[in-house]
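Per TrEMBL, compositional bias 'Basic and acidic residues' is recorded for 265-274, 281-298. According to TrEMBL, the domain 'RsgI N-terminal anti-sigma' annotation covers 11-58. The region 'Disordered' feature in TrEMBL is assigned to 258-298. Per TrEMBL, transmembrane segment is recorded for 67-84.
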Amino acid sequence: MDKKIRGIFMFKCLVMEIKDNIVIVMNDDGSMVRIRFKNGINVGDKIIYLKEDIINKKVKQFNYKPFMGIVALLMISILVYFNFKSISPYAEVSLDVNPSIKIELDENQNIIDIKGINKDGSSIDFTGIKGKNINDGILEIKQRLVEKNYILRGKSLLFGFAFVDTSENIQYEDRVKRVIKNTFNDNDVAFIKGDSNSISDSDKKGISLGRYSASLDFDDNKLEEIIENLTVDEILDAIKNKDKYIFWNAELQEEMMDELEDRFEEDKDSKDKADDDLEENEKQSNDDNKDDDLKDLD
């Protein structure tokens, strides 16, 4: 309301819209009202109208303020969801040598969490490993274990592996195996695959995934009761006759590599000898041809 002259209320406004002989105007206070159309009025005009020109109640303005909180919460929920999805564990790898170590991987095989499970594992500084790909991360873990003399040549290692859900990604699993085998090629390694239940159950018992998965196949129930105190060699000895486990023997691998190198050298020597024989035969053939040519001239 702007002015009151001799009992008559007068309002200043801006014409916003004209439709069906109805003019929607905005008052100086930001409120919107409908008034009767009058000749000469155009959108954008600043006019004055009287109270009796008002057709009905003010046009309701949409108040966004009550919804801003809801929008903000929705945006936060979306961000949290996608952030959680991108860093949620996809698979778990455990390493036992004496320290027990738990490694969580995402779908791209990046290390999203790593921690020691037992006392020795908790004493190791894993700073800088989180965020690395498994290839670089596993190598870094080995270097830190070597620095603390936990890993020596020929030392036995136990690796556990499981997908967090019911996934069966063969390529993913094979790459994990390949990284472990290549990184610890001078150690005796046992690779044990568990499942999502093994992950949760091992967490409840406070032991590694590998130890827990191995204990399920112990023939001696007493060993299962003291699994957390068994050495890796004792665990491997208890499961050595189980077909479902994978064993990589450092000495055997070295013998195989030596055998392959020997075969390569033998093949190379055979090829060189064959080349020499061929060259000698060609030379002899050329000499014979020359002798024949000389006889023809005679």
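Backbone N, Cα and C define each Cβ position, glycine as well.
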>> Need one number: mean pLDDT over the domain 'RsgI N-terminal anti-sigma' (11-58).
In response: 84
> When the domain 'RsgI N-terminal anti-sigma' (11-58) is classified with DSSP, how many of its residues are helical, how many are strand and how many are coil?
Replying inline: 3 helix, 26 strand, 19 coil
